[in-house]
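**Q** What follows is a single structure, and I will ask about it in a moment.
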Amino acid sequence: MAKTTPSSPSAAAAAELVVKSVNTIRFLAIDAVENVKSGHPGMPMGCAPMGHVLFDEFMKFNPKNPYWFNRDRFVLSAGHGAMLLYGLLHLAGYDSVKVEDLKGLRQWGSKTPAHPENFETPGVEVTTGPLGQGVGSAVGLALAEKHLGARYNKPDFEMVDHYTYMILGDGCQMEGISNEASSLAAHWGLGKLIALYDDNHITIDGDTDLAFTEDVGKRFEALGWHVLTVANGNDGYDEIREAIKVAKSVTDKPTLIKVATTIGFGSPNKANTYGVHGNALGPKEAEATRQNLGWPYETFHVPDDVKKHWSRHISEGAELESAWNAKFAEYEKKYPKEAAELKSIITGELPLGWEKALPTYTPESPGNPTRTLSHQNLNAVAAVLPGLIGGSADLTASNMAFLKSSGDFQKETPTGRNLKFGAREHGMGAICNGVALHSPGLVPFSATYFVFTDYMRAAIRIAALSKARVVYIMTHDSIGLGEDGPTHQPVEHLASFRAMPNILVLRPADGNETAGAYKVAVENAGRPSILSLSRQKLPQLPGTSVEGVGRGGYVISDNSKDGEKPEVILMGTGSELEIAARAGEELRKEGKKVRVVSLVSWELFGEQSKEYKEMVLPSEVTARVSVEAGSTFGWERFVGLKGRAVGIDRFGASASAERLYKEFGITVEAVVAAAKELC
């Protein structure tokens, strides 16, 4: 928009067009919600001014290529206000949000789901909805920009240069995850992160005075943010513009802009009430709002002058991307190595033969905890994947989740690939989601004790829903951790994550399986992976393989003769595969025909052909025993009604690992006894 003096005719016309554009956004939200009688009109009505100013006057993007690498990122953390984002994408010319899509809000098969979903709607950067998740994701996006810029920008070429903007609400501010992530954003000095806080003082239960009376601005100042205030977010367009300009000038810390808004602005009877949060206005109030705001148009109408004004973003966006592409071509000539790495991060293309970097193991290789084997494989992968970056929630040494060849990512050392999250599991999870969704070739890893996934489950679920490739390095995965006791010993966790859609749970037993788990995690770009790893030392087992892990389940030993079926099948995962293997040897000494199967990943095994699954677990063999130091829930799928599942269906206890395995009956003897009952 051209700069003009407020008194000139062009200034008056421009100001009038802004108001009309903002009201277009408001009524697209009102009409979409009224059309399906479901949704949240209040937030888009109140936030339309800041949304308009941000998208129309500040953000750089290409509507015809929503995935242009150097675009500014926008996160609607208050995801229930999705119609604000859909309306902005529609006006800006994104093909993903046509008027038909607006009419299909929250309906089956639409590109406009109730809350923004990155995999459904091009132009949506991250999936939001559970309050506060978007704050963490936005921090991850800003972290990725700072890190990649530090690694690949040159004095004469600034190839990574974008801002991350977000709009968050009172609910986001109340959630603990937002404070965890915001604390790290300030610590890391993410100066290109700008948060606009929809400060409307209304929650679902009523006024924020009911439960939220803290001074948010002072809290963020204490965290280390730059804090600005817009007193009039309803029509104070110059205030909003000036605040964003000032925020962009502050480069050493993130900025929070407190924008005082009125939820449901323009509604004569429902504005500034919780009744407009999650309910349609109703026909009478919608019409009254039209009268109040002087909106004479039919539903879903975009006035021609508004349409023309916004249409420039198509050509401007194409020009921005074209200029960047030309600049990258020059960069590639001068800095071929850096350009090749950056291109792999932008495209997500894996180096040819990258998996050859993974270590190999034999039964004669020394035994190790799988957390140690994970460390070996993590560092091998880091050497060939420049986009691998991550860290632990204050358990780096215990999780063994660090890159030896790299330093720490800090405010003054942003090239480091090791992230120190502190004891902030939930924030860590959401931040890694943002990193993963910034660029296809970024592969974030996050680590903690397996039991503490309870602190970050919501973020892991969002990763699975978002198809985000995050690698979760979860150590101390059973009673095998020993004396720390039941608060730290996971029991139900494997079962609970196996129940979660679109996530891989991998529980490797030794070096070959750990290498296979890393191969699977890296190659599955459309879903996250949990690596469930032991604290205790485990032997390298005969018969395990990287290839077997890729199938999720496979035979590691079988003494049946060709053409014969085994009398009994023993199944195990992780640290208990050794127990199954030893039990098999004991039974074979007694003349039994025994097959031992590693079920390292139920999800991958379930995706194999019916023929392959029948080959590994022939249906006519009903004598089956599983062994796993966790809940037996779900094992009936594999052992059947006639089989036995050896496991733990109570909380653990404080004792040595050896004593715990004995007391809970997770032993070779218990597996042998169960097998003998069946065959």
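The backbone N, Cα and C atoms fix where each Cβ goes, and this holds for glycine too.
Sharing the record's features from Swiss-Prot:
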ACT_SITE  E425  active site, proton donor
BINDING   H40, H277, R371, S398, H476, D484, R535  substrate binding site
BINDING   H80, G129, P130, L131, G171, N200, H277, E425, F452  thiamine diphosphate binding site
BINDING   D170, N200, I202  Mg(2+) binding site
SITE      H40  site 'Important for catalytic activity'
SITE      H277  site 'Important for catalytic activity'
**Q** Three states by DSSP: which one describes H476 (substrate binding site)?
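**A** In three-state terms, H476 (substrate binding site) counts as coil.
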**Q** Using C-alpha atoms, which one of the binding-site residues N200, S398, D484 comes nearest to G171 (thiamine diphosphate binding site)?
**A** N200
**Q** Go through D170, E425, the listed recorded positions, and name the one with the sparsest Cβ surroundings, counting other Cβ atoms within 10 Å.
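**A** It is D170 that, of the recorded positions D170, E425, has the fewest other Cβ atoms within 10 Å.
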**Q** Would you count the other C-beta atoms found within 10 angstroms of the C-beta of D484 (substrate binding site) for me?
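**A** There are 15 of them.
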**Q** Taking just the CA atoms, what is the gap between H277 (substrate binding site) and P130 (thiamine diphosphate binding site) in Å?
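**A** H277 (substrate binding site) and P130 (thiamine diphosphate binding site) have their Cα atoms 15 Å apart.
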**Q** Specify the count of other C-beta atoms within 10 Å of the C-beta of P130 (thiamine diphosphate binding site).
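**A** So the Cβ neighbour count for P130 (thiamine diphosphate binding site) comes to 19.
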**Q** Report, as a single number, how many Cβ atoms besides its own are within 10 Å of the Cβ of I202 (Mg(2+) binding site).
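**A** Excluding its own Cβ, I202 (Mg(2+) binding site) sees 26 Cβ atoms within 10 Å.
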**Q** If you count Cβ atoms within 10 Å of the Cβ of H476 (substrate binding site), leaving out that atom itself, what do you get?
**A** 27
**Q** What other residues of the same chain, not counting D170, N200, I202, have a CB atom within 8 A of the CB centroid of the Mg(2+) site?
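**A** Going along the sequence, the neighbours appear as G169, D198, D199, H201, T203, T208, T261, I263.
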**Q** Within 10 Å of R371 (substrate binding site) by C-alpha distance: pick out those among the binding-site residues H80, N200, I202, F452, and say none if nothing qualifies.
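**A** Cα filter at 10 Å returns nothing.
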**Q** What recorded positions in the list H40, E425, R535 lie within 10 angstroms of F452 (thiamine diphosphate binding site), counting C-alpha atoms?
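**A** Cα filter at 10 Å returns E425.
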**Q** Consider the binding-site residues H80, P130, N200, I202 and say which one has the Cα lying nearest the Cα of D484 (substrate binding site).
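**A** Among H80, P130, N200, I202, P130.
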**Q** Going by DSSP, give the three-state secondary structure for H40 (substrate binding site).
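**A** The three-state answer is coil.
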**Q** Express the distance between the Cα positions of H80 (thiamine diphosphate binding site) and H40 (substrate binding site) as a whole number of Å.
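**A** For H80 (thiamine diphosphate binding site) versus H40 (substrate binding site), the Cα atoms are 6 Å apart.
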**Q** Round to the nearest Å and give the CA-to-CA distance linking I202 (Mg(2+) binding site) with H40 (substrate binding site).
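**A** Checking the Cα atoms of I202 (Mg(2+) binding site) and H40 (substrate binding site) gives a distance of 13 Å.
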**Q** Out of N200, S398, which has the highest number of nearby Cβ atoms, where nearby means within 10 Å of its Cβ, if these are the binding-site residues?
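**A** The most densely surrounded of these binding-site residues is N200.
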**Q** Could you list the residues of the same chain, at least six apart in sequence, whose Cβ is under 8 A from the Cβ of R535 (substrate binding site)?
**A** P369, R371, T475, H476, D477, G480, L481, G482, A657
